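Sharing the feature lines straight out of TrEMBL:
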ACT_SITE  B:CYS87  active site, nucleophile
ACT_SITE  B:HIS204  active site
ACT_SITE  B:GLU206  active site
Amino acid sequence: MIPSEPKITPELVAEHGLKPDEYERILTLIGREPTFTELGIFSAMWNEHCSYKSSRLHLRGLPTKAPWVIQGPGENAGVIDIGDGKAAVFKMESHNHPSYIEPYQGAGTGVGGILRDVFTMGARPIAALNALRFGDPKHPRTRHLVAGVVAGIGGYGNSFGVPTVGGLVGFHTRYDGNNLVNAMAVGLADADKIFYAKATGVGLPVVYLGSKTGRDGIHGATMASAEFGEGAEEKRPTVQVGDPFAEKLLLEACLEIMEAGCVVAIQDMGAAGLTCSAVEMGAKGDLGIELDLDKLPCRETGMSAYEMMLSESQERMLMVIAPGKEEQAEAIFLKWGLDFAIVGYTTDTLRFVVRHKGEIKADLPIKELGDEAPLYDRPWVETPKQQRIDPAALDITATLPGALERLIGSPDFASKRWIWEQYDHLILNNTVQRPGGDAAVVRVEDGPKGLAMTCDVTPRYCEADPFEGGKQAVAEAWRNITAVGARPLALTDNLNFGNPEKPEIMGQLVGCLRGIAAAALELDFPVVSGNVSLYNETNGRGILPTPTIGGVGVLDDIAKMATLDFKANGETILVLGATTGWLGQSAFLSEILDREDGAPPPVDLALERKTGDLVRGLINDGLVTAVHDVSDGGLLVALTEMALASGIGANLAAPPPDMNPFAFWFGEDQARYIVTVESSAKALVLRRAELAGIPVAKLGTTGGDRLHIAGERPIVVDALRERHEAWLPIYMGAGLM
Amino acid sequence: MKSAVLVFPGSNREGDVARALHMVSGVKPAMVWHADTALPQGTDLVVLPGGFSYGDYLRCGAIAARAPIMEAVRAHAARGGLVLGICNGFQILCESGLLPGVLVRNARLRFICREALLKVERNDTPFTRRYARGAIVRYPVAHGEGNYTADATTLKRLEEEGRVLFRYVMPDGHRDDAQVLNGAANSIAGIVSEKLNVLGLMPHPENHVDPLVGPTDGRALFESLVGALEKA
């Protein structure tokens, strides 16, 4: 120990986010007091973000296998076979805490991190998506966060050169102190050329590639594993700074040296930087790793071993290079102007040894660093069930057209054009379905295949009933992929929750995971990657439970893709699936009646599957002209979105006399799709629905320039569009002009 | 037609434009690295693609304008060879002095990706011969710094010499400088050099060539180039 390093005290241990019993565990494991650097390494490996210590036990219940799954959770990203020798590589990851503290860099590096996860596997990123949750629009910080996060995502993705094709944006006061930034990336690789973190071979060079190491982001993962209190903004130095230009170069250089056969194992330096990447490569391959930090390319002088091991500087990679390939690999990296340094070797000792300036700064058992991380079976309580809302008992003073006008211009439903126009969604020239549809569709190379992708979750449902909410998030992602005509293949989950040390919050996590597992199993939609973000709390108040689901599916022929816009006048509008008028936890209840209560709509998974299979078949057989899933906002919001996308109105029949009209039009029953059919196809579509045992009802006919429900005031589509498009630009402009 | 697409560190639409050229001309363009000092023998058309060359650090296009390959591009242009700079390519052409003026940050200070309507001001150039004069076409834009500006004398000269080739217009076909999406002077989207052989264009014709992906209004620009070169 050099004397300048701080003495290990209980206070220092606590500052590293380690509980006293966790420190005892370290002492037992290594049989001595850790060095300062070792303490830092443990804090990096054993925080919630890296060790999943609160969630690991429950993540085991998720279905992760299917014949088309090449790689499930545990690697940088999940990998699925999409046929023709190609694989889709994808994952979603949160960058919530940093994005609150420093929205531009926090969101940008979130995008950078997930892109790196994908190209580390040998895939070229072909699309990015993001799921964003902000606080109440009236909260003084919200506007600043929206502006910064959106600019940060665009600033990184646009420069890197990946189209940002879809996502979701929602507002709720429960995110006031903890906005969520969940970034997803999808890449394309040859199915037989996937690269992994597992190192093989003793005495091989461990190579550092990319940008230099600085002091940014030290303890970023530890910060992301704690609640916020007053003064969260003071944590700004723990946020990394992104350089999309360096990342673009790193992408090209990595793909080039992979192609040249130089790479044995590869791991990007994300959370917990060099520590986590080196330990993972060694531990997965049953090898030791020795690092010589004197060789590390540093941006700043005088960096200590502790700082180098914990830096979260961006755009860096660690690789094990094949014997005799060092020179070739170095030449490729130098061509791209990136750093290349041999910083260590693989060993057969199963020890993680770190040397700096002639001293051993760390000497730890490599497998135990990961395997022996604490695992908690935290106490949890089930969320109490709520009653089903009886529409007859509601005191509704609004009119149907009035309620629709308010809903369509409300923050959650208003057009997000102001946001997605800041993202380059067209680069690579493969964006077949642009933002605004049910799922984005990106052509695979020159076609005819396409990948459909979407992000979904309804946090209100998850809060009221975590199990049903978890199911619904998966079902909705599956439904959105189906609605464009694609076969849903697999999902990635980004689990955002509050403090797991509270039994109620832990109950939300457990419930949502069980729901996700049930739906993923029933719908053959396995989980192949994911990320857990806990401690999303400020001053003791947690976010709504938000398990964001990112789904990916394949469309065999993009020419058959369905879109949601009405195509022509005079077509019949049908709803497939049963409408019971379920208003509990609906957007109508929340926006119009200002109450968030009742049981959320249950998802009948068998019915969900049957209905989806029917719709997909109708699309592939060219029997329907427009398709839109029915989600929050119910039938009338879905119909409005179809009208807005096309400029064509509709004449709609009055609801069945035995049903409350608000419940009929705004109820959020699951497993439903609206389709339009030409008169020649109508009989066949009805027959196919009957054969499948799926209820079908005629809602009306397309045509005209207004939405007109029999007996109600007609609304001009262009007037609805004005409301729909107005809210966000006005809201943002008010703070900027 | 022999075309060469330059690749700078940070270029990211080189693949899109190469694909469009291949699709329309049937020939794959050569990809030329920024550190090279010569263009492939017999190059007819040089394309400077979109992207963020050198991260747009310092000033967009400023570093790329000084890349080794640019000497060869200047010589090619001086010989009357065709040069097409799209988006970042346009910025590089301005920074390298091959075109006048400069592209600064969008008036609303935000990146903007959307379809834009453009008027083709003349069709007697190698880039536009397959369009009708005055045609209104739809190309997407995707830029943060597409706000064209130049001093009054330069703008006047460009207008007098008919060197504004593409102009942003409203749906009714008229230009409205107060509402132009990025704030560009005189609603300028693309300008040509005096000899009409160098075009700088902010929007992306290469992203509107494939009916499977979207509109195909950009195709005629590449067809014009093929036609011009076949004739030559």
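Just so you know, glycine gets a Cβ as well, placed from its N, Cα and C.
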Once near-sequence residues are set aside, which residues in the chain of B:HIS204 (active site), 6 or more away, have Cβ atoms under 8 Å from its Cβ?
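Sequence-distant Cβ neighbours: B:ARG13, B:ASP16, B:GLY50, B:ILE86, B:CYS87, B:TYR139, B:PRO140, B:VAL141, B:ALA142, B:GLY218.
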Write out the long-range same-chain contacts of B:GLU206 (active site), meaning residues 6 or more apart in sequence whose Cβ is under 8 Å from its Cβ.
B:ARG13, B:ASP16, B:VAL17, B:ARG19, B:ALA20, B:LEU21, B:ILE86, B:GLY218, B:PHE222
Taking DSSP three-state, what's B:CYS87 (active site, nucleophile) in: helix, strand or coil?
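Once the DSSP labels are grouped into three classes, B:CYS87 (active site, nucleophile) ends up as coil.
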Where does B:HIS204 (active site) sit in the DSSP three-state scheme?
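Assignment for B:HIS204 (active site) reads coil.
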